[in-house]
Amino acid sequence: MTVPRLPGALALALLLLLGALSGALLPRLHLDNAPEAYFPGDAPAVRFESALRADFPPDQVLIALFEGEDLFSDAFLQPFFGLIEDIERNPRVERVLAVAGVDHISGTAEGFVVEPLLDAEIAAALTPAERRQRVLDDRLAASYLVADDGRAMALIVRPLELSDSLQRLALEQDTRAAIAAAGLEGRLTAIAGQVALDVAQLRAMIHDTLIFVPATMGFGLLIIWLMFRRVLAVAVSALVIAVVVNLTVALLVLAGKPYTLVSALLPPLMSALTIASLIHWLNALAQASRHGLAGSARIDWARRRVARPTLFTALTTAAGLASLGFSPIQPIAAFGLVAAAGMLAQCAIVIGLVPPIFARWDRGEWQTRRTLRPLDHAVGRLRHLGMRHAGWVLAVTALVLALGVPQIWRIHTETDMLRFFTPAHPITQANTRIQERLIGTTTLELVFDAGARDALKRPERLALIDTVQGWLEDQPEVGHTLSMVDLIEEMHWGFHDERADYRTLPRDPRLIAQYLFIYDGTDLYELVDREFARTRLTLNLDIRGARAINAFIARIETRLAELDLQGMDVQVAGFGRLFADQERLLIDGQIRGLAAAVVLISLFMLAMWRRPGDAALCMVPNIAPILLIFIAMGVLGIWLDMATAMIASVTAGIAIDDTIHLFHAYRRNLAAHGSRVWALARAYQHSGRAVVATTLILCGQFLLLGSSAFVPTREFGLLTAVGLLTALIFDLLLFPALLMAVGRLRERRARADWTGR
C-alpha cells in the first residue's frame, strides 16, 4: 500500500492543527442525558408526549423531603413558606407543589370554597395540632405531600421545560441553595425525582470521563515505554491519542448530538483503540531496526508491513462500531457512528501523519526488550497446541459453546436507572427514602380523550374514569393516583356540608357542570383541559425497572380492553411509558446492530482476502467471543441495558483486528515459502507479540473502567475486556487449529482432484 509521505514538520503541524480545531469545539459540547434524548423524534410515544405537554404540565420533577417531629410548628413552617416563595421566583420553575401551594376544598354555608391547603395566613389562625389535622384530613394531599404520621413533608419543584442536563443541574443547585438560605438543611433528608436522577448521572459520567481518560491513556503510554523505551514513541503516542479523542468527541458537536452516559464511553474507548494501532506501528519499527534498517528505509519497511492491515482493521472496527447506528436509541446510534468516524480519522493519522514524524526525528536504534518476553513463550505454546491438536481444540471449543448457548436465553432486557448506582449512593438512598415515607418516583399517566367540548362533564364518562382509577388503586405497584374525579367528589362533599356519604361522584350532569363553573382553583386544570375534552389520570408507581413497568402497562391495556370506554380514546403516557419503551428499542437495536456488524465485517473480510472461504475462516474466532459474552451475561444475570447493548458490536469490531494482522502475516509467509506450518510459526513469531500486547493493553484499559462506581461504565469495561481476552485466546489457539484443519481439507481435495484427472 503506497501512501505519499509528507515532510515531518508539516505532518506534525497538521496533527497539532487537528488537535487545536477539535479542542476549540469541545466547549460547545451539549451535555444532555434526559430521557427524551434517547428516543427518535418521530417515535409515536415521543410525539404523543410532546402533544400532551402542550395541554398539561410535565411529570418530571425534583422532590425534596423534609422530616421531623415538629413540621407543623412555626419554627419549621415560617421558613418553609419563605422557601416556597423563593423557589417560585426561580425563572426555571413553573410551579412548586407543597402544602402552601395546592388546593383545599371545604364546605361553606353557600356551597364550597377553594383555598390553599396551608399557607402562612391560614396557619396563623391554627395551632400546630390543628394544622396537622387539617393537612392529614385532606384527601388529595394525604400520602403525596405529607406522610400519614405527619413526620415527613414533600416539596415538589416542577420546572419549566429544561433543554439539557446542565439546566437540571442548575435547578438542583438553586433548590439546595434556597433550602440552605432558609435554614432547613437540617430537616432535609432526601432530594430525588427524575431531575435529581438525571443530575446524578451527569455527575457520574463527568467524573468517569475526568478519571478514566487520563487513566487509560497513562496505562497505555506506560506499556509503550516498557515495550520500546523510546521517548519519541511515548511523546508521539500521547499527542496522537489526545488528538483522536478530542476529534472524536468534537464530531458529536458537529453532528449536533448530546454528550450522554453512552457517549461518555467514547474517550476511553478511542484512547484504547489508538494505543492498539500505535503499538502495531511501533512494533514494525522495532522489527525493521532489528533487520538493520535505519532512516527512510526503516520507515518505509514498517509502513509496508502495517499500512494495509491497519487500514483494514480500521475499516472492520469502524464497521462494528457503525453497526450501532442501526439502533433506534439515539445516543447508542450516535456513539457508534461517531466512534466509527473517529476510527477512520485515527487510521489516517497513524498511516499518513505518524510515519513522517518518525522519519524526521527518529534517529536511535530500537533495542529488543526482555520485559515482555513471556508473551512470546505464551504465544508459541498456544499456537503449538492449536497446530498439533487441531481436532481436539475444535471439538472442545464446539462443545463449550454448545453447552453455553442455552444460557443466552436467560438474558433479560432491563433498564433501571437507579441500578446504575450503588445501594449506598445518595440518589439511591434518596429515592428509597421518599418511596418509603411518601410515594414512588416513577410517574405514569392515563390520558382520556373524549374528542368533543364538554364531553368530560358527562357522568357516565367520569364514572368510567372513576372505575379505572379504583382498579388502579388496588394494584400493588400503585402508590398514589389523582384525577379530575377526585376534585369533583371533593366539591360535591363540600357543597353538602362535608357529609361523608356525599364524597362520591354526582350523577346529575347539571350539578357537575355547576361545580366546574364555580371552581376557581388551580389544580383541576392541570388534570383536564379548559375544553373539558381531554383529561389525565396521574399515577405514582412503586416500581422502577422497564420490564416491571411494561408488565404493568400491559395489565392496564388488558383491563381497558375489557371496559366500555364510552367512545373515549385512552392512552398510557408519561415518563414511565417513555422509560419502558426502551426495552423494545434495546432488543431491536441489539438484533439489527449485531447482524449489521457481522455482515459489514464479513464484506470487508471478503474485500481484503478476495476468497469467501478465507473471509468465513476469519469470522469464526471472532463470532465465538460474542457468544461467550452473551453466555457470561446469562450465567451472571447481567442485564441487556444501555451499556451492555453496545458490547457485542464493539467487541466484534475490535477483536477482528488481531485476526487480520495474524492472517495477513500468515498469507504473506505462505505465499513466500509454501509451508503451512512454517508460515504459521513465522506469522505468530513476528505478529504474535504485538497482537498479544495490544489486546492485553486494551483489556487492561477496559479493566480500569471496571473499577468505576457507575454501573454502566463498569459493566461495559469488564464485559468488553472479557470479550477481547476470549477473542485473543481464540486467535492464538482456535485460529491455528482452524488454519491447520482447513489446510488439510484443502490438500485432500486437491489430491482428490488430481487423482480424478
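From the backbone N, Cα and C atoms, a Cβ is placed for every residue, glycine too.
Just so it is clear, the model here is predicted, and its values are computed rather than measured.
Features of the protein shown, as given by TrEMBL:
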type	residues	note
DOMAIN	623-741	domain 'SSD'
TRANSMEM	210-228	transmembrane segment
TRANSMEM	235-255	transmembrane segment
TRANSMEM	261-285	transmembrane segment
TRANSMEM	306-326	transmembrane segment
TRANSMEM	332-354	transmembrane segment
TRANSMEM	390-409	transmembrane segment
TRANSMEM	591-609	transmembrane segment
TRANSMEM	616-640	transmembrane segment
TRANSMEM	646-666	transmembrane segment
TRANSMEM	687-710	transmembrane segment
TRANSMEM	716-742	transmembrane segment
Stretch-level contact, the transmembrane segment (332-354) and the transmembrane segment (390-409), CB cutoff 8 A, at least 3 pairs: no
Reported mean pLDDT - the domain 'SSD' (623-741): 82
For the transmembrane segment (210-228), sequence-distant contacts whose Cβ falls under 8 Å of one of its Cβ atoms, 6 or more beyond its ends: 234, 237-238, 241-242, 245, 267-268, 271-272, 275, 278-279, 282-283, 286, 366, 369, 371-372, 693, 697, 700-701, 704-705, 708, 713
Same-chain residue ranges lying at least 6 outside the transmembrane segment (235-255) that approach it to Cβ under 8 Å: 15-16, 18-19, 21-23, 25-26, 28-30, 213, 217, 220-221, 224, 263, 266-267, 270-271, 274-275, 278, 282, 334, 337-339, 341-342, 345-346, 349-350, 353-354, 357-358
Intrachain residues whose Cβ lies under 8 Å of the transmembrane segment (306-326), provided they are six or more past its termini: 1, 3, 273, 277, 280-281, 284, 332-333, 335-337, 339-341, 343-344, 346-347, 350-351, 589, 592-597, 600-601, 603-605, 608, 646, 649-654, 656-657, 660-661, 664
Secondary structure content of the domain 'SSD' (623-741), with strand meaning DSSP E or B: 105 helix, 1 strand, 13 coil
